[in-house]
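> First, the structure itself, so that you have it in front of you.
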């Protein structure tokens, strides 16, 4: 199998990404560009770097990265900050700057794995999972590597490994259904039921996502599906949005949703990528508001979990 997957992180002992203790595999590349994203390094499928300016030693005269870069992509601006020319940086294949940095201020965001290399890691972690754990494929969005992912899923099936996925659901329907037929447990995000607001916050309309969920429910798939919503004040926290989602869930016999309280844990990553994070001063969701939304779902016979307080 020559297909390779582009992965930016693998985390063992994950306990909030599906049933039991799991290994989470983070694929690079996402068809959405959510303005609040906690993993903005996952957006592009191109290899790239991140810069931790707080540990960079340029003030002490270090120029290791500049001297190592063969694309002339790294410079210091007049205000003394490290500046990356991303257009030329993303063409790099060697990442000499990362290897030469003595302070680990530069990080390569992606690594290539073959199917066998990834399976070696999963089999290594197998005994850590217990009877109800397994692997969760997340990202980014793993559907962007569907050919590689299907090969991994087949080998997981042969090895009796429980398989979960976290996905936006934004993919061609044949790709979506082909991958999901191998999945035991799925989280699918529904950011907003209003298609214009969905595009405003994520860069894409929600039509394809909703139609894929409907198609999955009409198929003979027998896995467990939990919808997820990152809940953001002023964007998707209205009763109107909740009732529209409740209507959609009841129509499609969906009975579980996980509301995730908005956080800013990804802000540092935005800075390290040279991107502006417009949600840095955005209002927090109160516990009272989260509980109010939860009650709306409960009143309509839908199990609603807040954050990590889940039965899985």
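Glycine is treated like the rest: Cβ placed from N, Cα and C.
Pulled from Swiss-Prot, these are the listed features:
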{"type": "BINDING", "residues": "30, 34, 37", "note": "[4Fe-4S] cluster 1 binding site"}
{"type": "BINDING", "residues": "36, 37, 38, 140, 189, 190, 191, 263", "note": "S-adenosyl-L-methionine binding site"}
{"type": "BINDING", "residues": "56, 62, 65, 101", "note": "[4Fe-4S] cluster 2 binding site"}
{"type": "DOMAIN", "residues": "16-299", "note": "domain 'Radical SAM core'"}
{"type": "DOMAIN", "residues": "47-79", "note": "domain '4Fe-4S ferredoxin-type 1'"}
{"type": "DOMAIN", "residues": "80-112", "note": "domain '4Fe-4S ferredoxin-type 2'"}
> What is the total of other Cβ atoms whose distance to the Cβ of residue 140 (S-adenosyl-L-methionine binding site) is within 10 Å?
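Excluding its own Cβ, the number within 10 Å is 30.
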> With residue 101 ([4Fe-4S] cluster 2 binding site) as the reference Cα, tell me which of the binding-site residues 37, 38, 189 is the closest one.
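The smallest Cα gap between residue 101 ([4Fe-4S] cluster 2 binding site) and any of the binding-site residues is with 38.
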> Relative to the Cβ of residue 38 (S-adenosyl-L-methionine binding site), which residues of the same chain, six or more apart in sequence, are found under 8 Å away?
263, 265, 266, 269
> Taking the Cβ of residue 190 (S-adenosyl-L-methionine binding site) as the centre, how many other Cβ atoms fall within a 10 Å radius?
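Around residue 190 (S-adenosyl-L-methionine binding site), other Cβ atoms within 10 Å: 24.
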> Count up the helix, strand and coil residues in the domain '4Fe-4S ferredoxin-type 2' (80-112) according to DSSP, in that order.
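Here the numbers are 9 helix, 8 strand, 16 coil.
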> Would you mind reading off the Cα separation of residue 65 ([4Fe-4S] cluster 2 binding site) from residue 140 (S-adenosyl-L-methionine binding site), to the nearest angstrom?
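Counting only the Cα atoms, the answer is 27 Å.
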> Cα of residue 34 ([4Fe-4S] cluster 1 binding site) to Cα of residue 191 (S-adenosyl-L-methionine binding site): how many Å, rounded?
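On Cα coordinates alone, these residues lie 9 Å apart.
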> For the domain '4Fe-4S ferredoxin-type 2' (80-112), find every same-chain residue at least 6 residues outside the stretch whose CB is under 8 Å from a CB in it, and list them.
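Hits for the domain '4Fe-4S ferredoxin-type 2' (80-112): 4-8, 28, 41, 44, 46-53, 55-59, 62, 64-65, 67-74, 272, 274.
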> Across all chains shown, how many C-beta atoms besides its own are within 10 angstroms of the C-beta of residue 56 ([4Fe-4S] cluster 2 binding site)?
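For residue 56 ([4Fe-4S] cluster 2 binding site), the 10 Å Cβ neighbour count is 19.
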> Give me the non-local Cβ neighbours of residue 30 ([4Fe-4S] cluster 1 binding site): same chain, 6+ apart in sequence, Cβ-Cβ under 8 Å, ordered along the sequence.
37, 42, 43, 139, 140, 141, 144, 168
> Tell me the Cβ neighbour count for residue 189 (S-adenosyl-L-methionine binding site), meaning other Cβ atoms within 10 Å of its Cβ, over all protein chains shown.
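Neighbour count, Cβ to Cβ under the 10 Å cut-off: 21.
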